[in-house]
């Protein structure tokens, strides 16, 4: 069987991508990054998801992006309830570039030619490293900057959710048996994994489940207004 490295954050998108890679016959090696994010609930979720999906291997790597700063997800900056104009303060400088680079390194070591990530260009918050152009550019880099690429192995970076709406991602996950109750999407999740119900990530998740006509299994500290209207 072919091997693949999947970036598994613990959120719903990366959980769905992990299940998709498995359905395509890949031996899944899941990679999670402890980068200095303000809460560890998402990483705890990644461990639960990896166990539930019975991946071949799950590695958690430490990278201290908090020492660089520049994001509300790593710094002591208030996380807004609503997104503003331009790139939001929850953007983490170079995060996806660094994470994909680590995935690329592990892929080289284990002999995997495929990397999967859950970036999305439809229901996303304006992050530049979620755009299709970024994924295409990184795949080019991967084949230029690695020993295996130079020696002739074609490396592929897959973003199967890139052009799906959040509702479509929900349906895709259910089709592949993903337990969304294990996942954490919230920027402000507490130690028990309960979501705030107010941040941009929560709003996207709530809207996705509502549009899909599926009950959201998330435990919310504060019930989102859209759910109160149902």
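Note that the numbers count up from 1, one per residue, in the order the chain is shown.
Keep in mind that glycine also has a Cβ here, set from the backbone N, Cα and C atoms.
Feature annotations, reproduced from Swiss-Prot:
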type	residues	note
BINDING	8, 9, 10, 11, 12, 13, 14, 15, 16, 17, 18	ATP binding site
BINDING	186, 196, 199, 202	Zn(2+) binding site
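Listed in sequence order, 186, 187, 188, 189, 202, 220, 221, 222 are the same-chain residues six or more apart from residue 196 (Zn(2+) binding site) with CB atoms under 8 A from its CB. Same-chain residues at least 6 positions away in sequence with a Cβ under 8 Å from that of residue 18 (ATP binding site) are, in sequence order, 6, 8, 28, 30, 49, 50, 53, 55, 116. Cβ neighbour count for residue 10 (ATP binding site) (all protein chains, 10 Å cutoff from its Cβ): 24. Highlighted in sequence order, 46, 49, 118, 183 have their Cβ within 8 Å of the centre of the Cβ atoms of 8, 9, 10, 11, 12, 13, 14, 15, 16, 17, 18, the residues recorded for ATP, and are not part of that set. Using a 10 Å radius centred on the Cβ of residue 16 (ATP binding site) and all shown protein chains, the other Cβ atoms total 26. Residue 10 (ATP binding site) sits 17 Å from residue 199 (Zn(2+) binding site), taking the CA atoms of both as reference points.
Non-local contacts of residue 14 (ATP binding site) by the CB criterion (under 8 A, 6+ apart in sequence, same chain) comprise 6, 7, 8, 46, 49, 117, 118.
Here the Cβ of residue 8 (ATP binding site) has 31 other Cβ atoms within 10 Å, regardless of which shown protein chain they belong to.
Minimal Cβ crowding within 10 Å, among the binding-site residues 12, 202, is found at 202. Using a 10 Å Cβ-Cβ cutoff, residue 186 (Zn(2+) binding site) registers 26 neighbours.
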